Structure formats: structure tokens, C-alpha cells
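Take a look at the structure set out below.
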Amino acid sequence: MILLIDAGNTRIKWRLHGTPTPVEGACEHDQLEALDAVLAETPGIRRMIGANVAGPGVGGQIGTLAAQRGMTPEWITPDAERCGVRNLYRQPAQLGADRWAALIGARSQHPHACLVVMAGTATTIDLLDAAGDFLGGLILPGVALMQRALASNTAQLPLASGQFSPTPRSTADAILSGCLQAQAGAVERMFRQIESSAGACCLLGGGAADAFASLLSLPVQRVDNLVLDGLARIAQDS
Ligand SMILES: Nc1ncnc2c1ncn2[C@@H]1O[C@H](COP(=O)(O)OP(=O)(O)O)[C@@H](O)[C@H]1O
Ligand SMILES: CC(C)(COP(=O)(O)O)[C@@H](O)C(=O)NCCC(=O)O
Ligand SMILES: [K+]
């Protein structure tokens, strides 16, 4: 059994790989006792493999929990080529480990061109062509971060919960609709670069994905967690 870990900037997600029924969970950075409970209750874990973009503090805390059970997490780092995906970033190691794992997860389930969108703290929108080349991608503030940026840098904009509207007629609706349209617009614009490729589709995941999924006018496949899928694929080869 392998414990796969996706340590993001808002939450840590995990999955036990190799169990008859999948066991998944998530917690905030200051609630790592939930992950510790998984380690305590699952004696058959032989490896821990993770992608950490939450910084060395979070990585170190997970490492400490692992060490108490005699384990060391293996944190993946993006390389130039792995599991059929070629990384065309100018400096391959600069790419987020979560984006790299998600691209590998995407490739292993969709052998055509695809747009890999992860809507988390940040939203990332990554282009994968039919040959498995990661051509490049975007980093945007995520939905919640966009809203918070407006609230904390203006005098008149509140952090309020609006409703989406194509024609917003209140401040709260205008803010939320602006942030959602920005996300959806960036996804649709990036998709244009691969839309003529046979079987092209957008794989969409992350905690904020449902906020704008319905706005997208393109073939979308809602995915659970491509980072964890990719980590499972990487584990097969290493
Ligand atoms: N229950 C939730 N807890 C935290 N964030 C949530 C929740 N539901 C939706 N969200 C949204 O999802 C984002 C976090 O998604 P996630 O994929 O876990 O991000 P990350 O990988 O950056 O940690 C938040 O910024 C917020 O917009
Ligand atoms: C872009 C990210 C902040 C996304 O993180 P997340 O929103 O999933 O927590 C992360 O992938 C990252 O720190 N990337 C390194 C820079 C890069 O990918 O170019
Ligand atoms: K993300």
C-alpha cells in the first residue's frame, strides 16, 4: 500500500493506493493530525509519495509524522521527461510538483491533447499535446484569492458572497461573476490552442472547480484529483 500526498497551499489531500476500496482525505495545514491518524490506522503502508508546493514547513511536518512510523516521504521533483510526458519548461525543475504530477495523471487517462486545469489556491491551466509534450501553461490567482485581492486592496469592495450573473447588478454579484468569468475565459482562450487536435478535452479538478465548470463552453471532463493519479503512475515506475 502506498500513501499518495498532494500538499497544496490551502489543503493537503491524500489517497491510500492499493486498497480494495479507495481511502481518500483532506485537511488544512494546521490539522495534520488527520493524516497522522491514517498513518496510525494503516499498518500496511510501505511508501509515501508526494507532491509538495506548500513549502518546506509543511513538508517537514509531514516528514516528522512519517518518521514516527519509520518512514520517509518521497517528494517528487519535476524532470525533463517522465511516464510519457515531456516537460518543455525552460527550467523543468521550476514547474510546480503538483502540476507535473497532474500532467502525468492526465496523460495516463487521456491519450490525446488536453488542457489540464487545477482550480485551487492558484488556478493552473496547462497545455498537453497529443504527443505528451507539456507545451506550457498559466498561473492565475484562484477564485477565492481573486475575491480576497479585491477586498483587501480597495476601499469599497467587500468580501461578500455574491451570485453568478451574466449581467451582475450588485457589487457582490459583480465581484464573484468577474472572478468566475476571468477563470472561465482564461480556460477557453487556452483551449483554443489545442481545440483542432482529435479528441482534445479539458480535464478540470481542484477545490474550486465546481465554481466555474458550468460556465465553460468546451468538452470538459470533471476529474477528482489528477495530482494523486499522477503520483500513483509515477510510483509504478520508480
Ligand atoms: N471545503 C473547502 N475547504 C477549502 N477550500 C475549499 C473548500 N471548498 C472549496 N474550496 C476552494 O478550493 C480552494 C482550495 O482547493 P485545493 O484544490 O485544495 O487547493 P490547493 O491544492 O491549492 O491546496 C480554495 O481556495 C477554495 O476556493
Ligand atoms: C502554481 C502553484 C502555486 C499552484 O499551487 P496550488 O494552488 O495547487 O496550491 C504551484 O504549482 C507552484 O508553486 N508552482 C511553482 C511555479 C510554477 O509552476 O511555475
Ligand atoms: K492549483
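Cβ coordinates come from backbone N, Cα and C, glycine included.
Following the DSSP three-state reduction, the secondary structure of Asp98 (active site, proton acceptor) is helix. Residue environment of Asp98 (active site, proton acceptor) contains 31 other Cβ atoms, counted within 10 Å of its Cβ in all protein chains. Residues or ranges marked as active site, proton acceptor by TrEMBL: Asp98.
Spatially close to Thr121 (ATP binding site) yet at least six residues away along the chain are Gly8, Asn9, Thr10, Gly142, Ala144, Leu145, judged by Cβ distances under 8 angstroms. Residues or ranges marked as ATP binding site in TrEMBL: Asp6, Ala7, Gly8, Asn9, Thr10, Arg11, Ile12, Lys13, Thr121.
The number of other CB atoms found within 10 A of the CB of Thr171 (substrate binding site), across every protein chain shown, is 14. What TrEMBL records for Tyr89, Gly96, Ala97, Asp98, Arg99, Thr171 is substrate binding site.
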Asp98 (active site, proton acceptor) and Thr171 (substrate binding site), distance between Cα atoms, whole Å: 34
Cα-Cα distance, maximum over Asp6, Ala7, Gly8, Asn9, Thr10, Arg11, Ile12, Lys13, Thr121, record's ATP binders, Å: 13
In the chain carrying Arg99 (substrate binding site), residues 6 or more apart in sequence that have Cβ under 8 angstroms from it: Pro78, Val116, Met118, Thr124, Asp126, Gly137
Max CA-CA distance, Å, over listed substrate-binding residues Tyr89, Gly96, Ala97, Asp98, Arg99, Thr171: 39
Whole-number Å value for how far Ile12 (ATP binding site) lies from Gly96 (substrate binding site) (Cα to Cα): 15
